[in-house]
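*Asks:* According to TrEMBL, the record shows the following:
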ACT_SITE  ASP81  active site
ACT_SITE  ASP285  active site
COMPBIAS  441-539  compositional bias 'Low complexity'
DOMAIN    65-387  domain 'Peptidase A1'
SIGNAL    1-15  signal peptide
Amino acid sequence: MLVGNSLLWATVALAGVPLPFSVRRGDSNGDVAQKSINRAYFSEGPSARRDGHVEIQLHNEKTFYVSELEISGQKVEVLVDTGSADLWVPSGDVDCHQQSSCTKYGSFSPEKSDSWKKNSTAPAFEISYTDKSKSIGTWGHDDVSVSGTTVKSLSFAVVNQTSSNVGVLGIGPPKLEVTNSANSPGHSPYVYENLPVKLRNQGLIKRTVFSVYMDASDADQGTILFGAIDSAKFDDKLTRVPIVNTRRDKFDEPAMVDVVVNGINIVNGDDTVEISKNKYYALLDTGSTVSYLPKSLYNKLTGTLGATQTSIGAQIDCKYRDSDVDIEVSFSGVSIKFPVSDLIVASTSSCYLGMFPQDLDSITLGDNMLRHVYLVYDYDNFEVALAQTKFTSDTSFDEVDSPEIPNAVTAKAYSETDVKGSVTEDNASTTIVPQAKAVTDDSGSSSDSKSDSASETSSDASDSSQSSDSASSTDDSDSSSASTTDDSSSTSDASSTSDGSSTDSLSKTTSSSSSASASGKEATSSTSADSSSDHSSATKAGMAVALTVSPLMYLAILLA
């Protein structure tokens, strides 16, 4: 696992900046964060000013990614989100729902900074949430330290009233910035230089490009690397797909990181079951912990997996936790496999799939799926390059200084970006029997256990589900890049499944609370100089900025 200090050493050779992520784990029902942070929907009128944000709802063991910033000597952890574009932090005297935990992830007091400057010409900073609560604050700018490197005069908001206790570092496209939806008297919509753009314009990176590596679900850290690619984290070539402007009615360039999915299969050993050949827009959102599908697509996929619909999600046979079943998704012709075993949320006695239905025609891929894709976001060309993730502590940094992502090929269906509106998938016609994972003997040979073996391991898998450490990290999240529907309505209606039963999404049962509260145990990073030297030898001279991330995790047994 790539630890923060070794990455810091490694990026010295890149003249860049690493930004560590840290892990927290809660261990009681009171440690559940149920604050719902909504994504930006650009509606008209001053009362509808909304920031792009992320929905965080925790039900079993959940993860979201935070990173530490330093502003005039004041440290604050912020949720890192590609689904929004603004940085905001709580003030030292912030008023929040649970006052005792308002500043548990740090805060910023402008009066303690000699370099803070309030932006008196900007509109008020106002963020709307799915529970109808808001975060309100003031725009300004200050020097922000990213792992020891200072970004001069970065614009951000200091919030003095909020329903959340963690700030947000939005690194989405500038068109997604809350100022671009402001329509209050005396203020016209505008964009400003958010963190990725500021890094480029101050010469810290050469292009507005960053790569995302989340590491395995049980790992402590992942990395966002600005201005460079870590080619050790994937095997095959990167393949470029377009970021599609799904809001052409409002913007001349993309505001959300939407790509095209043009096929979904379930792969079970040598057998492949087609789920869909239709095209969907898919939002790539690091701020969403779980993933969302349109209802009919969700029903067909979960039906094929033999899931039982319940009021809190799709209950799935625990034997999938020890299976080699994959969900194979085609992104404009590029196939990426997502192990079902890594998408399962386990309670003391049952297993649930960390995917949920929504009343939208688009897909949202959250952290539980994105960790299996090495992603390179290119905002200069509005492209994403992707490849199957290779989980490794090895590093090999390549600076991005060319007009295009280096050594990347173009997807076969790159230009096929037109997607129909509403699509209704057929009901599931096949229910698969998962095959157990291949067992490797001492000689190195392996054999696949078929359905009988899978059945034999079922009871063991069910028993092991009582261990919270084995739960895949998930979180409920709002998702849509092309809808103005409020989350609370898009997920609360019961949907009809293929067998006629009804299901409510997990967000219906958990979005009522308006405060994120968790007491966690912080994982410590290695400070070995030897480890640092190993990483530095793999780097390449140039300019890059690294953002190292660790999942912020909580445990609550709500699915028993």
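Yeah, the Cβs are placed from backbone N, Cα and C, and that goes for glycine too.
Unlike curated records, TrEMBL annotations are generated automatically.
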*Asks:* I'm trying to understand the geometry here, so how far is the Cα atom of ASP81 (active site) from the Cα atom of ASP285 (active site), in Å to the nearest whole number?
*Replies:* 7
*Asks:* Of all the active-site residues given, ASP81, ASP285, which has the fewest Cβ neighbours within 10 Å once its own Cβ is left out?
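*Replies:* Counting other Cβ atoms within 10 Å of each of the active-site residues ASP81, ASP285 gives the minimum at ASP81.
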*Asks:* The domain 'Peptidase A1' (65-387): mean pLDDT?
*Replies:* 90
*Asks:* Going by DSSP, is ASP81 (active site) sitting in a helix, a strand, or coil?
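*Replies:* Assignment for ASP81 (active site) reads strand.
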